[in-house]
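*Asks:* Taken from TrEMBL, the feature domain 'Myotubularin phosphatase' applies to 1-204. Residues or ranges marked as domain 'Tyrosine specific protein phosphatases' in TrEMBL: 11-55. The substrate binding site annotation in TrEMBL covers CYS42, SER43, ASP44, GLY45, TRP46, ASP47, ARG48. Annotation comment: TrEMBL describes CYS42 as active site, phosphocysteine intermediate. Look at TrEMBL and you will find 255-336 tagged as region 'Disordered'. Per TrEMBL, compositional bias 'Polar residues' is recorded for 269-285. The compositional bias 'Basic and acidic residues' annotation in TrEMBL covers 299-315, 323-336.
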Amino acid sequence: MSDYLTGLENSGWLRHIKAVMDAGVFLAKAVGDEGASVLVHCSDGWDRTAQVCSLACILLDPYYRTIKGLMVLIEKEWIAFGHKFNHRCGHLEGDPKEVSPVFTQFVDCVWQLMEQFPCAFQFNERFLLSIHEHVYSCHYGNFICNNQREREQLRLRERTFSVWPYLLEHQDEFRNPLYKRTTHNGLLRPNTLPLHFKFWCGMYNHYDKGLHPRQSVLDTLLSLTVRQTFEERTMTELQRQLAIADGVLSASDGPISMLPDQNGHAEATPTSSFVQTNGECTSLSDGAGGDAESDQDQDQEKNESQPKVVAKDKPVSMATQISKEEVEKTDPLESP
């Protein structure tokens with residue numbers, strides 16, 4: 001273990017992460033506290049500039065701490081701005097001096113923020129790992145080529161698929177169960193003392209199972225939350241069917257909704273509102289910061305359009321006699 005820690009210290013990796021974090025905090029304070037206009041430019045404008053500006057956006061705006069917000073941020077500050085993914089990630093044979101983990105450092109900084117503010121981010125560690133994995137896998141066209149001009153010349157929008165619809169389809173796996181939208185609405189102020197920077201074993205020792213606990217606390221909490229939602233919706237639906245069977249409600253009052261699956265979604269409900277045609281992905285945001293929670297709001301509105309009933313102070317049983325006075329309409333997402 002001493003040799004391992006010595007090697008980590010000699011690599012200087014955490015010092016680099018701290019330097020990027022210090023620059024991002026400085027920029028965020030200048031804009032958020034002093035209201036200053038800041039010009040950011042490194043030697044070329046596509047490496048450290050993207051790092052610092054992206055990190056400052058996350059510190060300043062809670063929208064970029066959501067699943068869709070981080071996608072928009074990467075698309076805007078990294079892909080559209082011209083970060084050289086081909087050269088920096090070594091996708092093709094070229095000058096080895098051009099290879100540099102610039103994007104990896106940014107992802108590491110985001111994880112460091114998540115460690116200090118566990119309730120401020122809608123996504124979890126698995127979301128960052130998935131994005132980082134697909135940057136190097138080249139399974140999708142988002143991170144291929146060095147700039148937008150090269151992507152248009154190769155017609156990547158027509159010949160490849162976008163990674164964003166895939167991530168949105170599995171976004172329930174990437175949600176942070178500790179996320180509280182109203183907890184951190186303002187500027188995040190992380191502590192940048194050296195003792196607060198950790199080595200990210202989930203990233204750099206991802207396949208070393210001996211260094212990871214067998215059961216993640218956050219994964220367990222997320223699983224229990226999904227299961228609770230599933231059970232609540234199932235109970236509400238069974239109560240509705242019981243009321244119809246007892247004659248309290250008629251079938252014409254509204255269709256019986258389909259039971260949700262184990263992930264808490266109705267079987268007939270699409271997993272993503274994003275449409276991908278001919279390998280193209282629609283815009284991630286219409287410019288409104290509230291889009292981060294719009295998918296949940298839409299699901300809730302759909303369920304609210306269908307009347308639900310529950311029995312007050314009565315156990316759910318086929319033998320229970322429910323009178324009309326004991327039945328009332330409630331929100332389908334509300335626990336009975």
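Keep in mind that glycine also has a Cβ here, set from the backbone N, Cα and C atoms.
A TrEMBL annotation is a machine prediction, not a hand-curated record.
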*Asks:* By a 10 A CB contact count over all chains shown, which of the binding-site residues listed here is most packed: ASP44, ASP47?
*Replies:* ASP47
*Asks:* Helix, strand or coil: which one is ARG48 (substrate binding site) in, per DSSP?
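*Replies:* The three-state answer is helix.
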*Asks:* Going along the chain, which residues six or more apart from TRP46 (substrate binding site) have their CB under 8 A from its CB?
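*Replies:* Set apart from TRP46 (substrate binding site) by at least 6 residues yet with Cβ under 8 Å, we have PHE81, GLY82, HIS83, LYS84.
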*Asks:* Excluding CYS42, SER43, ASP44, GLY45, TRP46, ASP47, ARG48, please set out which residues of the same chain place their CB within 8 Å of the center of the CB atoms of the substrate site, keeping sequence order.
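*Replies:* Surrounding the site, in chain order, are HIS41, THR49, ALA50.
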